[in-house]
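The transmembrane segment annotation in TrEMBL covers 63-82, 94-118, 125-146, 152-175, 196-218, 238-258, 279-303, 315-335, 342-366, 372-393.
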Amino acid sequence: MFILNKILAIYVGPAGYAAIGQFQNFIQMVTTFAGSAINTAVIKYTAEYYEDETKQRNIWKTAGSIVLLFSLIFSLIILIFQKHLSIYIFHTDLYQTVFIWFAVFLTLFTFNALFLAILNGKKEVLRLVIANIVGSIFSLAVTSLLAIKYGLYGALVALSIYQSLAFLITLFLCYKADWFKLSYLFGKIDKTIAKKFIAFAFMALVSAICIPLSQIVIRSYLTHEYGVTYAGYWEAMIRLSAAYLMLVTTTLSVYYLPRLSELSEIKDIKAEVYLGYKFIFPLAAIGSLAVYFLRDWIIAILFTKTFMPMRDLFLWQMIGDSLKIGSWILAYLMLSKAMTRLFVTTEILFAITSILLTYLCTHIFGFEGVSIAHLVNYGMYWIVMSIFIFKALKEKV
């Protein structure tokens, strides 16, 4: 991840970072609609039915059939509207072939995510770690080669295909497991199971619309107010946050979410949340503190000197990142227990407030206001989670 950031910084620059951010948000939305929306449900029910392999296989069969159907539908839609999508996202039709690459590889993209969800639910930690490491290596190799040779266009093509190449490794890892057969993924869709997926799919779809769309709006606003280069600085800041928090977010997804899904007693759930604040939150806070004090070295090593203006964002971004992890430790309860109403309400509300706060804070504080808005937004989000999450849990359990 860090090496990749350096290569992109050299070969696409801050303006290229902004374009990459726009395309990644598009990919996030499309893959969710194309089937990834049910992956949280796959993790939950695979973990929940850990003693009943027949039920697990029924979950996978329904999930696999849904993913295949929707990924093919969205591939066709992208192929039809490739030119319009290029103009809307990049303000030019020069990149429409990027969407052809993405459409062709979309099905493998979504199945890779499904296999990772199955491994997660089965608590196959070693296979999951290997799959993620190999995926990162593919990402580094493919993106580096294409970005070095073709610049921004190559980087965009790499984003379209590398997860699909990683699919081959993930498939192999699943295939070698004695509990897995490819036939378990396809068949008649079980209506009862599909209904169980609906709440999770709805939550994922809302999140897939709200978060990427709010980032697209903010990025477009920054481009309009400060220029595409400054939008690229903000994108670089987001990517850096995602990179150094990867250990924390992986722990939340791989261990914390399946663990919460297994628990049914409120006292046990509270004990698990307490452990989250005891071990996960301090890890995030220490990481944020280290990144802040090393910010000049980090910019020089991971990016280039042309990215130095982003140093003004670090203080507020790091505090905001710590608040984000603190709030997520509670927010993952909404996913594990399918608290649909609370999740949807907060996702929509705080996507809107992130945009409004960005407008407000940048007008008051200038460019660094975009990170101040990030801090304030996640501070409010944590407060709301603290007030409502266990109240909703008592009604749910």
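Cβ atoms are placed via backbone N, Cα and C, with glycine included.
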Inset, instruction - Residue list, the transmembrane segment (196-218) vs rest of chain: Cβ under 8 Å, 6 or more residues beyond ends. - result: 21-22, 25-26, 28-29, 32-33, 36-41, 44-45, 62-63, 66, 234, 238, 334-335, 338, 340, 343-344, 347-348, 351-352, 354-355, 358, 370
Legend entry - Positions whose Cβ lies under 8 angstroms from the transmembrane segment (94-118), at least six residues beyond its ends: 23, 27, 30-31, 34-36, 39-40, 42-43, 46, 60, 63-64, 67-68, 70-72, 74-76, 78-79, 82-83, 85-86, 128, 131-132, 135, 153, 156-157, 160-161, 163-164, 166-167, 170-171, 173-174, 180, 185
Legend entry - Surrounding residues of the transmembrane segment (315-335) on its own chain - C-beta under 8 Å, 6+ positions past either end: 40, 44, 200, 203, 237, 241, 245, 248-249, 252, 256-257, 260, 269, 273, 276-277, 280-281, 284-285, 288-289, 291-292, 342-343, 346, 368, 371-372, 374-379, 381-382, 385-386, 389, 392-393
